[in-house]
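Colleague: Can you read through this structure? Questions will come right after.
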Amino acid sequence: MEHQDLTDSRKDPLCISQLKISSSSLDPLPQANMAEDLTKSRRHSPIKVEGSEETWGVEDDDDLTDPIFDTIEGNGHSDPTSCFDADLSEYKKKATVIVEEYFGTNDVVSVVNELKELGMAEYRYYFVKKLVSMAMDRHDKEKEMAAFLLSTLYADVIDPPEVYRGFNKLVASADDLSVDIPDAVDVLAVFVARAIVDDILPPAFLKKQMKLLPDNSKGVEVLRKAEKSYLATPLHAEVVEKRWGGTDNWTAEDVKARINDLLKEYVMSGDKKEAFRCIKGLKVPFFHHEIVKRALIMAMERRKAQVRLLDLLKETIEVGLINSTQVTKGFSRIIDSIEDLSLDIPDARRILQSFISKAASEGWLCASSLKSLSADAGEKLLENSSANVFKDKAKSIIREYFLSGDTSEVVHCLDTELNASSSQLRAIFVKYLITLAMDRKKREKEMACVLVSTLGFPPKDVRSAFSMLIESADDTALDNPVVVEDLAMFLARAVVDEVLAPRDLEEVLNQTPEAGSSVGEKVIQMAKTLLKARLSGERILRCWGGGGIETNSPGSTVKEVKEKIQILLEEYVSGGDLREASRCVKELGMPFFHHEVVKKSVVRIIEEKENEERLWKLLKVCFDSGLVTIYQMTKGFKRVDESLEDLSLDVPDAAKKFSSCVERGKLEGFLDESFASEDSQSKKQNGSSSSSG
């Protein structure tokens, strides 16, 4: 991912750029604590930051330097119970030991396991503080190790609010740190800048903390130095990442290449001890399913190596090097790609079935946890050739859309490629759209949301797309460590845009092959948390700069968009050009909100009969061009129906006029013949029952 100047690189709270290797598939924190942890993460829900278009950070009413949050330093409110003090004291001792051992061994997995075993997730902010403060007084090697460990633990082991709080404590204690560490201001400034570059801290952290600290404090010096000396310079991301010599950690592609190399060397030599050493050296236990997958594919391709490779997998499981979950996932990924594999290995299905039978009989695979290899009779499978052709075309269409922003062109292209029965292809398109957007800037993320809303795909297809995205989240996390947060935001946005209903969230989880997986549960729970937040709709809409994708504007509030619609209709009705009015509707950049154009147009028709034909022409042009979909048209009419009672105060015969509008809408093809004024009918029924009473 590209890193730009600070003012250009700010991202939403749930969209974080590439780290090297993430432990996103590590075992999650106990499920019982998940709801509480996610509730605490609301302190990072999107908000507006003064003087910028930034939308993430910590809400003003949750002051992280307030004494209520300061329970470990003794300079604020502290729990009076001795139990609390004992727990915290014990945690401090063990955290110090864990950090010391980590600096000696560089064993990330050991740290993960020890923190989980230690528990007490509410104190993990102290681990962040202790890790950084101890590294500050050591060599560059330990500083780099600390920065890498924080990136690895972020979100999976240490929740974002705890990381934020840990850095808050560090900055607040900069004066004390400077007593023992002469260059504490500079070193801590680099740590803060590195955390922002690695996206484990939001850029809003700087301004937020500056407002809370005394102007003459060392903490303010740290924040200013981080901003001006490290984050405001050209190529700042690269400079910050290499400040302490960089790391020898690898990207996803590096890991895959190393896995291939170790398997090839093992096939040639048969040296299991060396293979085990190489697997341990990768230090990516959450990615061991890739070893299983690649070993199985290599065994299919090299018949003579089958026995040796299967024997390697068996022993890695017996000695506990690869756990059963990773084995199951590796086999499942092969099953998912069996159709593609069959193009190169004609009897791939038969060979894989024999591998499954052998592994199950030897006791190192639970075959019952795998999907069936036989084609699902209830779902029409796509021809491999046509599916592959569509995937390539889909990527091309999406990339072109990100450049042009032309939704109508995408609709036209998909109309050509798809038919009514192409449910699987529609899901694939949405999956690729969101996947490509997640690796780009806020503008493309916003454009992806707009396009999903505009396409009007059936909810079932969109649910399938998100299920596929969740299923592949562990792999995506290697390049995007916060894929969970990204997917949660995309899901929440789909609900706000009414592409999905709130009840569809659970269905997404149920459709995921690994139903009940920790990743799926995290995504769904986080999406629900986002949707429950105060003013969630507007926040989610504005998170990626909602509105004005063609002008790349920072976004508009719902109120501002309504005002723009009102103005463009007034100008058009008073003699404006039809083409200009259509252009203005398009440039709103919020096709999911076009029902408001329909609503206001119909209301004006009811109120000003002499201008109705001009407004009908505008609606027809917008509808025929695809600018307003039948879904948005129907929703607009329904919203007028819901407001008839208020409208009748100014226009006594509003209900009658609206009925005429509905008939005209059906005649023009805007509305389905089944459209009925449900609210009006219920009001009539209520009225008749009350009058009879």
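One is the number of the first residue shown, and numbering goes on along the chain from there.
Cβ atoms here come from the backbone N, Cα and C positions, even for glycine.
Copying in the features that Swiss-Prot gives for the protein in this structure:
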{"type": "REGION", "residues": "25-60", "note": "region 'Disordered'"}
{"type": "DOMAIN", "residues": "90-211", "note": "domain 'MI 1'"}
{"type": "MOTIF", "residues": "241-248", "note": "motif 'Nuclear localization signal 1'"}
{"type": "DOMAIN", "residues": "254-375", "note": "domain 'MI 2'"}
{"type": "DOMAIN", "residues": "389-510", "note": "domain 'MI 3'"}
{"type": "MOTIF", "residues": "430-437", "note": "motif 'Nuclear localization signal 2'"}
{"type": "DOMAIN", "residues": "560-681", "note": "domain 'MI 4'"}
{"type": "REGION", "residues": "673-693", "note": "region 'Disordered'"}
{"type": "COMPBIAS", "residues": "683-693", "note": "compositional bias 'Low complexity'"}
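Thinking about packing and proximity, how do these listed features fit into the structure?
Modeller: Counting residues per DSSP class in helix, strand and coil order gives 99 helix, 2 strand, 21 coil for the domain 'MI 1' (90-211).
Averaged across the motif 'Nuclear localization signal 1' (241-248), pLDDT in this predicted model comes to 66.
Residues of the domain 'MI 2' (254-375) grouped by DSSP class, helix first, strand second and coil last, total 98 helix, 0 strand, 24 coil.
Mapped onto DSSP helix, strand and coil, the motif 'Nuclear localization signal 2' (430-437) counts 8 helix, 0 strand, 0 coil.
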Colleague: As a test: from 254-375, 389-510, 560-681, pick the stretch that has the greatest number of Cβ pairs under 8 Å with the domain 'MI 1' (90-211).
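Modeller: Comparing 254-375, 389-510, 560-681 against the domain 'MI 1' (90-211), the winner is 389-510.
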Colleague: Go through the chain and flag residues at least 6 beyond the ends of the motif 'Nuclear localization signal 2' (430-437) whose CB is under 8 A from any CB in it; none is fine as an answer.
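Modeller: Same-chain contacts beyond the flanks: 391, 394-395, 398-399, 402, 444-445, 447-448, 451-452, 457, 461-462, 465-466, 468-469, 476, 487, 490.
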